[in-house]
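The structure under discussion appears below in the form of C-alpha coordinates.
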Amino acid sequence: MTSVHTPSVALSKYRDQHFKGSRHEQERLLRLTSTLYIGNLSFYTTEEQIHELFSRCGDIRRIVMGLDKFKKTPCGFCFVEYYARDDAESAMRYINGTRLDDRIVRVDWDAGFVEGRQYGRGKSGGQVRDEYRQDHDLGRGGYGKMVQMGQLGANMRDS
(Lines of atoms letter the chains of each structure in order from A and count residues from 1; the text may use other names and numbers.)
(Lines give C-alpha, C1' and ligand atoms only; values in the text may rest on other atoms or scores of the structure.)
Protein backbone atom coordinates (compact mmCIF):
# COMPACT_ATOMS: atom_id res chain seq x y z
CA MET A 1 0.00 0.00 0.00
CA THR A 2 1.45 3.35 -1.00
CA SER A 3 0.92 6.46 1.03
CA VAL A 4 1.02 10.02 -0.15
CA HIS A 5 2.55 12.50 2.27
CA THR A 6 0.01 15.22 2.89
CA PRO A 7 1.32 18.27 4.72
CA SER A 8 -0.41 19.07 7.99
CA VAL A 9 -0.01 22.73 7.03
CA ALA A 10 -1.72 23.37 3.71
CA LEU A 11 0.15 24.57 0.66
CA SER A 12 -0.76 28.06 -0.54
CA LYS A 13 -1.71 28.86 -4.11
CA TYR A 14 1.61 30.68 -4.66
CA ARG A 15 4.07 28.97 -7.01
CA ASP A 16 7.50 30.15 -8.11
CA GLN A 17 7.00 31.07 -11.77
CA HIS A 18 10.71 30.56 -12.43
CA PHE A 19 10.76 26.97 -11.10
CA LYS A 20 12.82 24.73 -13.38
CA GLY A 21 10.64 21.65 -13.70
CA SER A 22 7.06 20.53 -14.12
CA ARG A 23 4.13 21.72 -12.02
CA HIS A 24 3.82 18.14 -10.70
CA GLU A 25 7.49 18.11 -9.63
CA GLN A 26 7.09 21.46 -7.90
CA GLU A 27 4.03 20.21 -6.01
CA ARG A 28 5.91 17.07 -4.94
CA LEU A 29 8.86 19.10 -3.66
CA LEU A 30 6.58 21.51 -1.79
CA ARG A 31 5.03 18.56 0.06
CA LEU A 32 8.45 17.27 1.16
CA THR A 33 10.49 20.43 1.68
CA SER A 34 11.89 21.80 4.91
CA THR A 35 12.62 25.18 3.28
CA LEU A 36 10.44 28.24 3.83
CA TYR A 37 10.14 31.53 1.97
CA ILE A 38 9.81 34.46 4.36
CA GLY A 39 8.34 37.65 2.89
CA ASN A 40 7.35 41.17 3.88
CA LEU A 41 10.52 41.67 5.91
CA SER A 42 11.89 45.11 6.65
CA PHE A 43 15.00 45.93 4.65
CA TYR A 44 16.63 46.44 8.07
CA THR A 45 15.78 43.04 9.57
CA THR A 46 18.98 41.12 10.28
CA GLU A 47 19.81 37.47 9.83
CA GLU A 48 20.30 37.29 13.61
CA GLN A 49 16.73 38.50 14.24
CA ILE A 50 15.38 35.93 11.80
CA HIS A 51 17.43 33.18 13.43
CA GLU A 52 16.24 34.19 16.90
CA LEU A 53 12.57 34.01 15.87
CA PHE A 54 12.60 30.94 13.62
CA SER A 55 14.90 28.84 15.82
CA ARG A 56 12.06 28.71 18.36
CA CYS A 57 10.48 26.13 16.05
CA GLY A 58 13.55 23.93 15.57
CA ASP A 59 17.14 23.63 14.43
CA ILE A 60 17.93 25.74 11.37
CA ARG A 61 20.27 24.43 8.69
CA ARG A 62 20.74 27.85 7.08
CA ILE A 63 19.22 31.23 6.37
CA VAL A 64 19.67 32.84 2.96
CA MET A 65 18.94 36.56 2.93
CA GLY A 66 17.24 38.04 -0.13
CA LEU A 67 19.42 40.69 -1.74
CA ASP A 68 19.00 43.48 -4.25
CA LYS A 69 20.76 42.03 -7.30
CA PHE A 70 22.63 45.28 -8.01
CA LYS A 71 23.36 46.76 -4.56
CA LYS A 72 23.68 43.40 -2.72
CA THR A 73 21.68 44.87 0.19
CA PRO A 74 18.70 43.15 1.90
CA CYS A 75 15.45 43.59 -0.03
CA GLY A 76 12.74 42.21 2.24
CA PHE A 77 12.74 38.41 1.98
CA CYS A 78 14.77 35.36 2.93
CA PHE A 79 14.76 31.58 2.89
CA VAL A 80 14.88 29.57 6.12
CA GLU A 81 15.92 25.95 5.74
CA TYR A 82 15.29 23.59 8.66
CA TYR A 83 16.82 20.16 9.15
CA ALA A 84 13.35 18.63 9.69
CA ARG A 85 10.03 19.08 7.89
CA ASP A 86 8.17 19.02 11.24
CA ASP A 87 10.09 22.09 12.40
CA ALA A 88 9.23 23.93 9.17
CA GLU A 89 5.56 22.99 9.71
CA SER A 90 5.74 24.48 13.21
CA ALA A 91 7.12 27.72 11.78
CA MET A 92 4.34 27.80 9.18
CA ARG A 93 1.75 27.24 11.88
CA TYR A 94 3.08 29.57 14.59
CA ILE A 95 5.17 32.29 12.92
CA ASN A 96 3.23 33.07 9.72
CA GLY A 97 1.29 36.28 10.31
CA THR A 98 3.29 37.35 13.39
CA ARG A 99 5.32 40.53 13.74
CA LEU A 100 9.06 40.92 13.25
CA ASP A 101 10.57 44.41 13.19
CA ASP A 102 7.06 45.86 13.37
CA ARG A 103 5.99 44.07 10.16
CA ILE A 104 3.63 41.14 9.66
CA VAL A 105 5.77 38.41 8.12
CA ARG A 106 4.52 36.03 5.45
CA VAL A 107 5.79 32.45 5.67
CA ASP A 108 5.27 30.06 2.77
CA TRP A 109 6.58 26.72 1.59
CA ASP A 110 9.47 26.79 -0.85
CA ALA A 111 10.46 23.91 -3.14
CA GLY A 112 14.09 24.34 -2.07
CA PHE A 113 16.64 27.09 -2.37
CA VAL A 114 18.61 27.21 -5.62
CA GLU A 115 21.62 29.51 -6.02
CA GLY A 116 20.59 32.78 -7.67
CA ARG A 117 17.14 32.92 -6.05
CA GLN A 118 18.50 35.12 -3.28
CA TYR A 119 18.47 38.06 -5.69
CA GLY A 120 15.46 40.28 -6.28
CA ARG A 121 13.74 39.84 -9.66
CA GLY A 122 12.59 43.43 -10.11
CA LYS A 123 13.98 45.63 -12.89
CA SER A 124 15.68 47.87 -10.33
CA GLY A 125 17.23 44.92 -8.48
CA GLY A 126 14.79 44.46 -5.58
CA GLN A 127 11.51 42.61 -5.43
CA VAL A 128 8.92 43.05 -8.17
CA ARG A 129 6.27 43.91 -5.55
CA ASP A 130 8.33 46.95 -4.49
CA GLU A 131 8.71 48.32 -8.02
CA TYR A 132 5.23 49.85 -8.28
CA ARG A 133 4.33 50.44 -4.63
CA GLN A 134 2.79 53.92 -4.33
CA ASP A 135 2.65 54.10 -0.54
CA HIS A 136 5.59 55.28 1.56
CA ASP A 137 6.94 52.31 3.51
CA LEU A 138 10.01 53.25 5.54
CA GLY A 139 10.79 49.61 6.33
CA ARG A 140 11.02 48.82 2.61
CA GLY A 141 13.00 51.80 1.36
CA GLY A 142 10.31 54.51 1.13
CA TYR A 143 8.25 54.75 -2.04
CA GLY A 144 8.38 52.11 -4.78
CA LYS A 145 11.31 52.35 -7.20
CA MET A 146 9.16 53.51 -10.13
CA VAL A 147 7.64 56.30 -8.01
CA GLN A 148 11.12 57.29 -6.77
CA MET A 149 12.36 57.51 -10.34
CA GLY A 150 9.27 59.44 -11.46
CA GLN A 151 8.35 56.73 -13.96
CA LEU A 152 5.06 55.48 -12.55
CA GLY A 153 3.01 58.39 -13.87
CA ALA A 154 4.75 58.19 -17.26
CA ASN A 155 4.12 54.44 -17.48
CA MET A 156 0.45 54.88 -16.59
CA ARG A 157 0.01 57.65 -19.20
CA ASP A 158 1.60 55.46 -21.89
CA SER A 159 -0.84 52.61 -21.16
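Cβ atoms here come from the backbone N, Cα and C positions, even for glycine.
What Swiss-Prot says about this one:
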- Tyr14, Tyr37, Arg106, Val107, Asp108, Trp109, Asp110, Arg117, Gln118, Tyr119, Gly120, Arg121, Gln127, Val128: mRNA binding site (BINDING)
- 34-112: domain 'RRM' (DOMAIN)
Subject >> binding-site residues listed as Asp108, Asp110, least Cβ neighbours within 10 Å >> reply: Asp108
Original post:
Using DSSP, what's the helix, strand and coil tally for the domain 'RRM' (34-112)?
Top reply: 21 helix, 31 strand, 27 coil
**OP:** Report the same-chain neighbours of Gln118 (mRNA binding site): residues 6+ apart in sequence with Cβ closer than 8 Å to its Cβ, ordered by sequence.
**Re:** Val64, Met65, Gly66, Leu67, Phe79
Subject >> Neighbour count (Cβ, 10 Å) for Arg106 (mRNA binding site) >> reply: 15
